[in-house]
Each structure stands twice: as C-alpha cells, then as structure tokens.
Amino acid sequence: MGMEGLLQNSTNFVLTGLITHPAFPGLLFAVVFSIFVVAITANLVMILLIHMDSRLHTPMYFLLSQLSIMDTIYICITVPKMLQDLLSKDKTISFLGCAVQIFYLTLIGGEFFLLGLMAYDRYVAVCNPLRYPLLMNRRVCLFMVVGSWVGGSLDGFMLTPVTMSFPFCRSREINHFFCEIPAVLKLSCTDTSLYETLMYACCVLMLLIPLSVISVSYTHILLTVHRMNSAEGRRKAFATCSSHIMVVSVFYGAAFYTNVLPHSYHTPEKDKVVSAFYTILTPMLNPLIYSLRNKDVAAALRKVLGRCGSSQSIRVATVIRKG
C-alpha cells in the first residue's frame, strides 16, 4: 500500500509544516524556539507581576492578565508540535490532537471580546473617571471576563465537533503547521459550503461586535482628549490607550485576513504566514508592547527584581557569617 493509501486509512493527520521543505530546518527551529521562550516568559512574568503587585490590582491589569493567559494557550497549543515536527520525520497528529488544537484556537473569539472590553475600560477611565470605580467594580470585571471565556468556549464547542464529523476521504495531509479549520475542511470529500458560509457569518459577527465597541470607545476618547486643556492630561490619556491600539491593530489585521477576505485572496502559503503571525508572533508582542510602554509594569518588575536581589544578598551574607 502506498503512502496515500496509508494516510487515507489512518486515524491520524499529517501536518506539512510552516515551510514544506525548509532549506535550514535547524535555523527555523532556533528562531521559532526563541520566539516561544520569549513569549512564554513575557506572558508568565506579566501574569505574576499583576498578581503580586497591589498597585496593578485594577480592572485594566486584570483584563491584561487574562489576555496573557489566552496568548499563552495559543502559543502552547501550536508551537511545541511545530518544533517537534521540525526535528522529526514523523509529522503526524492524532485525530484527538487535531480536535484539541481546533477547540483551543477557537478561544481566539474570546480574545476579540476581551480586546473590546479593554477598550470600554479605557473609555470609562478617560471619559468618566469619577464613575470608574462604580462602572468597573470587581463584580463587573469578573462578569466581563467570564463572558469572554464562555463566548470563546461556546464557539469551540460548536465548531470543533462539526468540523471533525466530516468524512476525510481525499487525503490526511493538512497543508498547515497546525489544525486550522479551513485547512482541515479542504480534506473533506463532502460539500462543506453551507457550513463554511455559516462559520464565515459567525466569525464576522464575532469580529464586528467587539470592533464596534472599540471604535465607539476610541471615538469618545479622542473627542474627550481633544477637549482637554491640560497637555499632561492629553499625554497621559494617549499613553494609556496607545498600547491597546497597537495590539488591536496587529490582532485584528491578521483576523480580518483570515476570517473576512474571500477565498480568492487566500493561498496556503499566505494563510500559514498570517496564522504564524497571530498564533506565534502576537503572543510574544502583546506583553512586550504593554510592558515596554507602561511605567507601572516596569516599576513592578524593578520592585520584584529588587526583592530577589535583596534576598540573594541576605543569603550570601548569612553563608559568609556561618563560614
């Protein structure tokens, strides 16, 4: 039996990878692994800083910690398998493993909602500062975050079983480096056009609702900032919002290409590059954008490093005295 026959009768899929036949797989492995380490470290540090420093116990940083958790999930669900495939000739992924990837990656819908809520948080902080403690109290924040996670999870619970229920009789080779729904559906030997249309409508809706919140929020913020007499107030307002605008631009740019543009604009190579952008690069960029442009986060990091340095000095001094 040839390779094609084996693939058709296997319960596994085969991932072709980010680059089908990389000229320098070792170099690609080193680059992706470095990005992975930086992304994981940056997001975990962000989560720990927000948890440990009482000055960061505010709605904005609580939402930011949830963003870091989601980004950690995205990169952990795709990159380890990608790195394994770069080192191994066996590029198979089990049916269950593929379904797990699809489910967790549909949580990206939750990140859309979370970015919309972060824009609303900035709107309240800039336009209604006196009512901020009331409008963004702990109960409201928890409700908003739970809603984001539930929204993304419901998307996964609906799309994953339907996608994996189609018969895959053409091939088991997925032209991608992870199980993305459009790439998996190309293997089906039945008509998936109705499902793809419904999925397209669902994705557009999940994009437009948060994007509308973001657009309205920042329109009000710009109008409020324009009416400010204080140059310091304007600078602070722009500094507060600029990091979020950068993250939204990067994330929604990739999402717009993937979910909104018609099929004629898509090629497997372009799709893989864009997917790498939002599953690998964005989780690395998000915490860096927020931390490098945020004095509170930088101060919290210095405080933690100072504690570590003091503890180490005390240990060394104790050892010297005992010696």
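Every residue, even glycine, has its Cβ placed from backbone N, Cα and C.
The topological domain 'Extracellular' annotation in Swiss-Prot covers 1-26 (among others).
Per Swiss-Prot, N-linked glycosylation site is recorded for ASN9, and the stated evidence type is sequence analysis.
Positions annotated as transmembrane segment by Swiss-Prot: 27-50 (among others).
Secondary structure counts, DSSP: the topological domain 'Cytoplasmic' (51-58) has 5 helix, 0 strand, 3 coil. The annotation topological domain 'Cytoplasmic' is assigned in Swiss-Prot to 51-58 (among others) on the grounds of sequence analysis.
Marked as transmembrane segment by Swiss-Prot: 59-80 (among others).
According to Swiss-Prot, the feature topological domain 'Extracellular' maps to 81-101 (among others). For the topological domain 'Extracellular' (81-101), same-chain residues at least 6 beyond its ends with a Cβ under 8 Å from one of its own Cβ atoms are 10-18, 22, 25, 28-29, 32-33, 36, 160, 164, 174, 177-179, 184.
Every protein chain considered, the tally of other Cβ atoms within 10 Å of the Cβ of CYS189 (disulfide bond) stands at 11. Look at Swiss-Prot and you will find CYS98-CYS189 tagged as disulfide bond.
Under the heading transmembrane segment, Swiss-Prot lists 102-120 (among others), citing sequence analysis as support. Proximity of distant same-chain residues to the transmembrane segment (102-120), defined by a Cβ-Cβ separation under 8 Å and at least 6 residues beyond the stretch ends, is recorded for 60, 63-64, 66-67, 70-71, 73-74, 77-78, 144-145, 147-149, 151-153, 155-157, 159-160, 163-164, 178-181, 184, 203, 206-207, 209-211, 213-214, 217-218, 244, 247-248, 251-252, 255, 278-279.
As annotated by Swiss-Prot, topological domain 'Cytoplasmic' applies to 121-139 (among others). Same-chain neighbours of the topological domain 'Cytoplasmic' (121-139): 59-60, 63, 216-218, 220-221, 224-225, 237, 240-241, 244, counting only residues six or more beyond its ends whose CB sits under 8 Å from a CB of the stretch.
Marked as transmembrane segment by Swiss-Prot: 140-158 (among others).
Residues or ranges marked as topological domain 'Extracellular' in Swiss-Prot (evidence: sequence analysis): 159-195 (among others). Among residues of the same chain six or more beyond the topological domain 'Extracellular' (159-195), those with a C-beta under 8 A of the stretch's C-beta atoms are 4, 7-8, 10, 12-18, 20, 77-78, 81-82, 85, 93, 95, 97-99, 101-103, 105-106, 202, 266, 268, 271-272, 275-276, 279.
Marked as transmembrane segment by Swiss-Prot: 196-219 (among others).
Here Swiss-Prot flags 220-236 (among others) as topological domain 'Cytoplasmic'. Sequence-remote contacts of a segment are chain residues at least 6 beyond its ends whose Cβ falls under 8 Å from one of its Cβ atoms, and for the topological domain 'Cytoplasmic' (220-236) they are 122-123, 126-127.
What Swiss-Prot records for 237-259 (among others) is transmembrane segment, and it gives sequence analysis as the kind of evidence.
Residues 18, 175-177, 180, 182-183, 203-204, 207 of the same chain sit 6 or more residues outside the topological domain 'Extracellular' (260-272) yet have a Cβ under 8 Å from a Cβ within it. Sequence annotations record features per position, and here Swiss-Prot assigns topological domain 'Extracellular' to 260-272 (among others) based on sequence analysis.
Within the same chain, residues 18, 32, 35-36, 38-39, 42-43, 45-46, 64, 67-68, 71-72, 74-75, 78-79, 105, 108, 176-178, 180, 243, 246-247, 250-251, 254-255, 257-258, 298, 301 sit at least 6 positions outside the transmembrane segment (273-292) and bring their C-beta atoms closer than 8 Å to a C-beta of that stretch. As annotated by Swiss-Prot, transmembrane segment applies to 273-292 (among others).
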Are there any residues in the same chain, six or more apart in sequence, whose C-beta is under 8 angstroms from the C-beta of CYS98 (disulfide bond), and if so which?
PHE13, MET164, ILE174, CYS179, VAL184
Could you give me three numbers for the topological domain 'Cytoplasmic' (121-139), the DSSP helix, strand and coil residue counts?
16 helix, 0 strand, 3 coil
For the topological domain 'Extracellular' (260-272), the DSSP helix/strand/coil residue counts are 8 helix, 0 strand, 5 coil
